[in-house]
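Worksheet: one structure, shown below.
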């Protein structure tokens, strides 16, 4: 493309350079050589500016690559954050965390965003009050696209994390909000076996958060079978049971225990609390305006003649959208979606607000209400530490983040290509 | 596996990645198991920790050792700052609050109001280091009064020569941690609390300590302050200034020994954890806090802090065993006490 622009300039160059400013050419005006010079200078300026952005990117990649290449190991991909051994720290849980959050984000933002765009572009109302509502929504969306993401973080905090306290508050030792399903309540009591061995006792009254064992009760083992929990009273003078198996089923008289909630992966409660579900939904708010605007642009780009032809054949509005506009606009919509997801995976500010700044976690989320670590938050934490090892790890983690982003983008581009062919 | 079924139902589009995730979660767990002691632990539960980002590395490191022994306990250690940490602590959002300063009167009041009782446990010392550029050959030591003249109030001196006439007539460039950090609070408390003034407003503030290190190491006429751990990592680029102890008029370097023996005064500060006593009923929290107190001397040294004297640790252990609630650092009228940890952390000062 660049050479195309260049070609005509080059052709007309010799007269200007040869010192005859238009004198020998009847068609040329006096300032033609100057105009051509400006044109050439402008072209050079454009090359310079576009070159500059490439150079900045190049410098960034080289410096990060230089700093982080020694840490790009399997350790980085497989391990989790370690405070005691920075050398073997890794980012596996954060990769999973980011992917999960982006999954939630895509699943909620894309259908909503594309749907809104279809409504705004394809179903333009005729009556005046509705038209005003329509343009009001339009105006709001354009404004929302420019709102800083930290504001969305605060919105997500009250909307998803606390849900305005409508469903109760999540407080340690007191309340877990309104639990819908996927949870069973127990008391956890230390047994005589020591070393952190405990027994679980089913909770009958959920408001009673602690228990004191004074008489034998029913307990459940971790395999789910019920057994009779024995009591050992040190004051009675009986010797402490010596058999390890008996000890595991015996507790000291008067031993206290606290509440423990066993959760399945589909555990759901309201409000969501500091969970990856809340984080994903918050990010979907961040990218929603981008998705809507990009989808609108794509739908606007579909030739009106296509729609008119469809209407002419007798299709309804819905049939036209479903079979004509949407397929034709899909590549553009996908491009918008890719850009939006790229932004979502790199956001740190709303995640910090919603999830907090925890970085030490050894696995991905265990249930829908679980906390996760994400790549941007981990990089933010590592980059702020004093040890050189973490600085290098941060650089390496940036490379991994870029690689994941690239991977996601290429998958989306591949999908887009497929759709275009179809 | 529970986890894989979750992955598949959640993320159809990213199936490739989630299969990889199965592989790794089974990768990390045996590693944790192999180093666990013979008696297997089936302790379960979730422990929520938030607070000072200075204490976060200690809590993270303790967590790391703890889950090797008790792999099924989930511990979330967040580092949103001491003040934010106390806020979620008295709102019953956390079981344990990390703090780089003792609890303040207002926070203590809120705890009482919300019915949150806690055990106060010091876990390590952090020395606040005052650093200058290595090319700075005129500052040999600083007194607290000199520091006050440099840092306190908007009428603070502008040039080095204003502090001492023999020093160069160049502007003092100050690099300081951000106002939200416990380090800034602590520095402010030591220098300006009594005179009820603020630190000067024209300092270069930054939350990222690496930027402070760079600022001071690039500028001959700069001075800055931050935690001793940062200085230890950047000894080649900076010089720590000995500070004159107001009690014996001798200047001490911020070395491990001087901090532990309280000679490096008034710039060594204790770090704390505050444990909700209701949470102590839960087996997982109880086991974790006991592990914390038992292991914090070694672990905090490993992550760059200074261990507490044994007497203080023994007192902390005793307070935990007896579940003695309340703080030693706020008096009956709600005013913060000031003084050395060893003097304040005694039975008589405990206020419920």
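From the backbone N, Cα and C atoms, a Cβ is placed for every residue, glycine too.
Quick look at what TrEMBL lists:
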{"type": "DOMAIN", "residues": "A:95-411", "note": "domain 'ABC transmembrane type-1'"}
{"type": "REGION", "residues": "A:234-257", "note": "region 'Disordered'"}
{"type": "TRANSMEM", "residues": "A:41-66", "note": "transmembrane segment"}
{"type": "TRANSMEM", "residues": "A:95-120", "note": "transmembrane segment"}
{"type": "TRANSMEM", "residues": "A:141-164", "note": "transmembrane segment"}
{"type": "TRANSMEM", "residues": "A:276-295", "note": "transmembrane segment"}
{"type": "TRANSMEM", "residues": "A:393-415", "note": "transmembrane segment"}
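When Cβ-Cβ distances below 8 Å are used as the criterion, the transmembrane segment (A:141-164) is approached by residues 116, 120, 270-274, 277-279, 281-283, 285-286, 288-290, 292-293, 347, 349-354 of the same chain, each at least six residues removed from its ends. At the 8 Å Cβ cutoff, the transmembrane segment (A:276-295) and the transmembrane segment (A:393-415) share fewer than 3 close pairs (sequence separation 6 or more) and do not count as touching.
Each residue of the region 'Disordered' (A:234-257) gets a DSSP state, and the totals for helix, strand and coil are 8 helix, 5 strand, 11 coil.
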